[in-house]
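Student: The following block contains the structure, expressed as structure tokens.
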Amino acid sequence: MTNRKDDHIKYALDYRSPYNSFDDIELIHHSLPDYDLAEIDLSTHFAGQDFDFPFYINAMTGGSQKGKEVNEKLAQVADTCGLLFVTGSYSTALKNPDDTSYQVKKSRPHLLLATNIGLDKPYQAGLQAVRDLQPLFLQVHINLMQELLMPEGEREFRSWKKHLSDYAKKLQLPFILKEVGFGMDVKTIQTAIDLGVKTVDISGRGGTSFAYIENRRGGNRSYLNQWGQTTAQVLLNAQPLMDKVEILASGGIRHPLDIIKALVLGAKAVGLSRTMLELVEQHSVHEVIAIVNGWKEDLRLIMCALNCQTIAELRNVDYLLYGRLREGQRQ
């Protein structure tokens, strides 16, 4: 397990998607704003919580010494910058009580913390993660293609809908259903809504590719490395469901402009995984904190140029679609 978790970090950093759907979106500049820059409000609300900023550090790793080091750095960045931090899957800690790679809040009592577990795990496992870490919410990831590509992956999936229903009915804490970079299709989102899910992270293609990661770990199905739908495509497809469920976006988010574009397409907030992993691997924690704080100002700047005072107002921004993204909307 330790080697697998470390492989995930190594190969996630290696991968570069050949296409990012956010490059096919052009936002329409507004020349005469109604607001001062200081009036721009970055706050948002999802999963029953208010957050000061519309982006967060999404689930990545844990379960190894390397994972612990990464989590400590990310937690320090999140705590200092006032961002939400979601740990990687807690399943390894359930198997190993001595695993402390997720225990990042003990020295940071004010950290905005959430944790993650796979949908292959029953409700009781998620409940144990909640009891151990006391998170703001539980993120439940759905990773079908990754499981199929892993030699040691799951092969029985009939229980997944029951697990999801159990979380929706029994968990006395908000939870989010999260894809892992393959894009959550509209039918799956609707099924989740029918089962009682209130918030989903559609996590599309364009960032971390677990197909690539598992193929680098020894698989021979590299033709599936680009499996799934891109983040922007999923957001566009999910427009009819925006009033029925809270939608978060992740997958291929590189910088503040990508964050804004995802918010324009209806996301309540935006998660970053690989980008944050790369930052803490290439820079000191203090340098990353400075970069992230700079992003906050960049978001305000872009919102001012779009004449938007709040995150909700971004939904009214005009935009143009190009290339693959535009072609996808014609079908």
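We count from 1, first residue shown onward.
Quick reminder: no glycine exception, Cβ is built from N, Cα and C everywhere.
Copying in the features that Swiss-Prot gives for the protein in this structure:
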type: BINDING; residues: Arg4, Lys5, Gln146; note: substrate binding site
type: BINDING; residues: Ala59, Met60, Thr61, Ser89, Asn116, Lys178, Ser203, Thr208, Gly252, Ile253, Arg254, Ser273, Arg274; note: FMN binding site
type: BINDING; residues: Glu147; note: Mg(2+) binding site
Student: With an 8 Å cut-off on Cβ-Cβ distance and a minimum sequence separation of at least 6, pull the same-chain contacts of Arg4 (substrate binding site), or say none.
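Tutor: Listed in sequence order, they are Glu152, Arg217.
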Student: Which of these binding-site residues is closest to Ser203 (FMN binding site) if you go by CA atoms: Lys5, Gln146, Glu147?
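Tutor: Nearest in space to Ser203 (FMN binding site), counting only the binding-site residues, is Gln146.
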Student: In the structure shown, with every protein chain counted, which of the binding-site residues Thr61, Gln146, Ser203 has the densest set of Cβ atoms within 10 angstroms of its Cβ?
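Tutor: Max Cβ neighbours within 10 Å, all protein chains included: Ser203.
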Student: Can you give me the same-chain residues 6 or more apart in sequence from Glu147 (Mg(2+) binding site) with a CB-CB distance under 8 Å?
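Tutor: Those within reach of Glu147 (Mg(2+) binding site), by Cβ under 8 Å and sequence separation of 6 or more, are Asp120, Gly153, Glu154, Arg155, Phe157.
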Student: Any same-chain residues 6+ apart from Ala59 (FMN binding site) with CB under 8 Å of its CB? Would you list them in sequence order, or say none?
Tutor: Val86, Thr87, Gly88, Ser89, Asn116, Gln139, His141, Lys178, Ser273
Student: Largest pairwise Cα distance, Å, within the listed substrate binders Arg4, Lys5, Gln146?
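Tutor: In whole numbers, the farthest two Cα atoms are 13 Å apart.
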